[in-house]
């Protein structure tokens, strides 16, 4: 830096010229000549002598200033920043980011671009000015210092010479220095300027930097081992006819040292100084200063992470908070377990104590204040899929009596009972049903009827008392007090003999225990209907699956109900015991959907005796009649083998009742009737057709039991009151004489007689089976006529009471109105159903506890795997993975919502059909107790554990939005699964559809398929994806305002999270739109689920 020492000598040059010459310095008086002889050949051209030669730095006559490198390809100089021209002698303007596009200075000074300054516009002033030099064109920092500052990459300094005497000597001329260093090359260079004209320049190499930082002072030191300088021709200090420092530059060998001092608060010691042994001696001798003094400003454009002293913010994981959250969630689970244990130990209701008298009065009024209901029906027919199931059934069920509907399997008993109970049938129903001679619409009719299904469907987690009480609370009058309803429940329990088991759980085969027995369950089902004191009670196979003792107890309870409270009880029954049959008041016998008998049970045996189908002694008449309809329904054939049981004994007399004391029919292995053993094999062989093999014992017994006997061949079906009292059985000849007149009776088939098969009467036209004969006999019997007359009389009396004309149109009108009562309101229904649902939930807590335990365990595991997410690209990828995993976990765990209604589908359908409650209250209670414990709490538990462990943004607004998105997503997924579970009845199909829907939604989340890569025609599918809404909302909430660090170009570049999200196809402004989308899908799916339940889960039999 010899130029600094010589700066003060300019005014003294004329005076000290002899001295400099004596000391070896040279002052030129003539211009140097260009030497061209050194070139290997002489270039000759037609260039005129007045034109200068073209610049070519490869020729000795030309050189590169600023010690620029000569480009061997174009003969031009590669200049350092801020200099240009062919020889790097011209300062450039504009700004550093312009690079090769910078323009040479025109005039005495440069017009720099905004944010740039200096003689050659190399000094930055603002951060925005540096952005253009950054790889991503943002994040730039103008690193400026006054008298100091470490060179990070390549810095530039603008200095003012502060030696007082030097400035005084130059007067108005301003000495300045530009100085720059490049750390990678360990080089520096400077230029000396007088009035912004460069005089000379120097280059330093093998440089070292050091910063000494103390509490009050920063000291920056540059030390370069080598130094060389050069002149700009015809400039001050490098004049061709005046002072030239070039000979002095040859003596500068270094080392050179440049120091800058900056103190806290500023002091007179602040500044920069340059020292070099030769220069220091000259300055000391001439100006009395130790070195050249400068006041410098340095600047350097850096990426913000490269600024010295910059430290990326270090995330602090709050370990105590994490431990506290995990402990709190664990304590919550323990609390839930303890609560469940306490509730399961506590009895559902305290032991019953005596209630107030007014409760007894209300219960008594309920039982007594009703109008006896006599049920009449005629011409009941039913068609489904073009097939007739029932045909022309007629009968009466009277109050105070029990009416039994019997028939073989497939006879249509249950179908007929459903029609009487006004159940919703899939087929077409014809006929008339009257109550006390009047017709009623379905809503009025169902107010006073109760129906007990064959299968007992109840919640296994409720006790007997709770099950019956729920029926009472929901179905008894609104103005009836709870105490009176409980009193009514206890009365029914005692009446049915189940009071002693009132606190036992119903139970099930799949549960922890079997619970109560099958007979007890049947009585509980009956109690649920009896508690409402219906005027008409229908029961489908009430003895099904019960042993004989329990079956009798159930029927006896029904008989007591009918007799004691004047109720009408109608039930179907299959093969009852004789002691049960004896309790019947009315009997309806069906065969293949047709009426074989319908009337008083007391007339049944006499009726069948008189038409020739006497129940053998010792047989249960119910079994006999059911078997009779089965055998009679078989096609008739004269070729069937026959057995002669009466040809040998014309004095045989038969009884009119199975209760009379006569010998019983033997078993199939020893079938006989009185004196049948007297028939020898010779007689039997004569009676058997010659081409037929011997009849089996079963066929023989069936022929004995179910073939019409003599004494029944009357001109018309007999009236049970006109039985032949002597019981005389006609002889074979007398029987044979009756075939002709019987065959002439209006299409009736003469009864089949046990006689010689060769003498069987011909089959009458119009009938295929003996069942047709039985049906025809009944239709023309006095019993049927009596029933028909009674129905007609009842209808006419009702019409007369209502003041209507006796006409067919009047009889077809709906005129009746039941004396029903107001049921409880929707709010009360919701409270009762919520209580029932809550009990069912906490008494079967495994699903709920599994959800909670899974949430805690997977939250801790996820927090461990993703612990302390970093703010870089790797951390961004881990965030994507974390959010994707959380959503997949909750999405597929909500498949348990498929079973919310499947396990209670049948229960709901039946309770709805029986008028327990409104569907909306049941749906609301079920959804509420599925959403709160299973869909709301687990994501909150998991969120509060995962969020602090993985180090997501530690701000309450972001945390709240994170939890909100998880909860809404869980609700939306649960709503979709709920809808699927209702629409698809089969659990396997529902699980498959639910899984496919979740996978489809997962595909459009935004991680597996970029938004911008989705075809335009399929883009609308993404609007249906709940995973897309939730995934985008979570990642936008976390990353939008986050700055991620990406290591590129040797720098730690901070990349805005928003730009990365945009590259992945996410919308940075879509957070609340996504939240709204999740909310809409949640609401729409739940509404659609209710609509599906309301319209699809309707009882159709």
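If you go along the chain as it appears here, the first residue is 1 and each next one adds 1.
A Cβ is built for glycine as well, from the same backbone N, Cα and C atoms used for every other residue.
Swiss-Prot lists 16-320 (among others) with the feature topological domain 'Lumenal'. Across the topological domain 'Lumenal' (16-320), the model assigns an average pLDDT of 81.
If you look up Swiss-Prot, you'll see 28 (among others) marked as N-linked glycosylation site.
Per Swiss-Prot, the feature domain 'EGF-like' maps to 84-122; the stated evidence is sequence analysis.
Residues or ranges marked as N-linked glycosylation site by Swiss-Prot: 218 (among others). Non-local neighbourhood of residue 218 (N-linked glycosylation site): 148, 211, 212, 261, 262, 263, each in the same chain, at least six residues away, with C-beta under 8 Å from its C-beta.
Taken from Swiss-Prot, the feature transmembrane segment applies to 321-341 (among others).
As annotated by Swiss-Prot, topological domain 'Cytoplasmic' applies to 342-845 (among others).
Here Swiss-Prot flags 375-617 as domain 'ABC transporter'.
Marked as region 'Disordered' by Swiss-Prot: 677-726.
The transmembrane segment feature in Swiss-Prot is assigned to 846-866 (among others). Using a Cβ-Cβ cut-off under 8 Å and counting only residues 6 or more beyond its ends in the same chain, the transmembrane segment (846-866) has close neighbours at 322, 326, 329-330, 332-333, 336-337, 878, 881-882, 885-886, 889, 893, 896, 933-934, 937-939, 941-943, 945-946, 949-950.
Among the features that Swiss-Prot reports, topological domain 'Lumenal' is placed at 867-880 (among others), with the record citing a curator's inference. If one looks beyond the topological domain 'Lumenal' (867-880) by at least 6 residues along the same chain, the residues whose Cβ comes under 8 Å of a Cβ in the stretch are 312-313, 315, 317, 949-952, 1007, 1035, 1038-1039, 1042-1047, 1057, 1060.
Under the heading transmembrane segment, Swiss-Prot lists 881-901 (among others), citing sequence analysis as support.
What Swiss-Prot lists as topological domain 'Cytoplasmic' is 902-935 (among others), and the listing cites a curator's inference.
The feature transmembrane segment is assigned by Swiss-Prot to 936-956 (among others), with sequence analysis given as support.
Summarising the annotation, Swiss-Prot assigns topological domain 'Lumenal' to 957-961 (among others). Same-chain neighbours of the topological domain 'Lumenal' (957-961): 943, 947, 1033, 1037-1038, 1071, 1075, counting only residues six or more beyond its ends whose CB sits under 8 Å from a CB of the stretch.
Remote same-chain partners of the transmembrane segment (962-982), defined as residues 6 or more beyond its termini with a Cβ less than 8 Å from a stretch Cβ, comprise 886-887, 890-891, 894-902, 927, 930-931, 934-936, 938-940, 942-944, 947, 952, 990, 993-994, 997-998, 1026-1027, 1029-1030, 1033-1034, 1037-1038, 1074-1075, 1078-1079, 1081-1086, 1088-1089, 1092-1093, 1096-1097. The transmembrane segment annotation in Swiss-Prot covers 962-982 (among others) and is backed by sequence analysis.
Marked as topological domain 'Cytoplasmic' by Swiss-Prot on the basis of a curator's inference: 983-988 (among others). The helix, strand and coil residue counts that DSSP assigns across the topological domain 'Cytoplasmic' (983-988) are 3 helix, 0 strand, 3 coil.
Long-range contacts of the transmembrane segment (321-341) within its own chain (CB-CB distance under 8 A, at least 6 residues past either end) are made by residues 842-843, 845, 848-849, 852-853, 855-856, 859-860, 863, 941, 944-945, 948-949. Through the fold, the transmembrane segment (989-1009) approaches residues 880, 884, 887-888, 891-892, 895, 898, 902, 973, 976-977, 980-981, 1021-1022, 1024-1028, 1030-1032, 1035, 1064-1066 of its own chain, all at least 6 residues removed from its boundaries and within a Cβ separation under 8 Å. Across the topological domain 'Lumenal' (1010-1015), DSSP classifies residues as 3 helix, 0 strand, 3 coil.
Across the topological domain 'Lumenal' (1072-1077), DSSP helix (H, G, I), strand (E, B) and coil residues number 6 helix, 0 strand, 0 coil. Within the chain, the transmembrane segment (881-901) has long-range Cβ neighbours (under 8 A, six or more residues past its boundaries) at 847, 851, 854, 858, 862, 866, 869, 908, 926-927, 930, 934-935, 938-939, 942, 946, 950, 966, 969-970, 973-978, 980-982, 987, 990-991, 994-995, 998, 1001-1002, 1005, 1007, 1026-1027, 1030-1031, 1034-1035, 1038, 1093, 1097.
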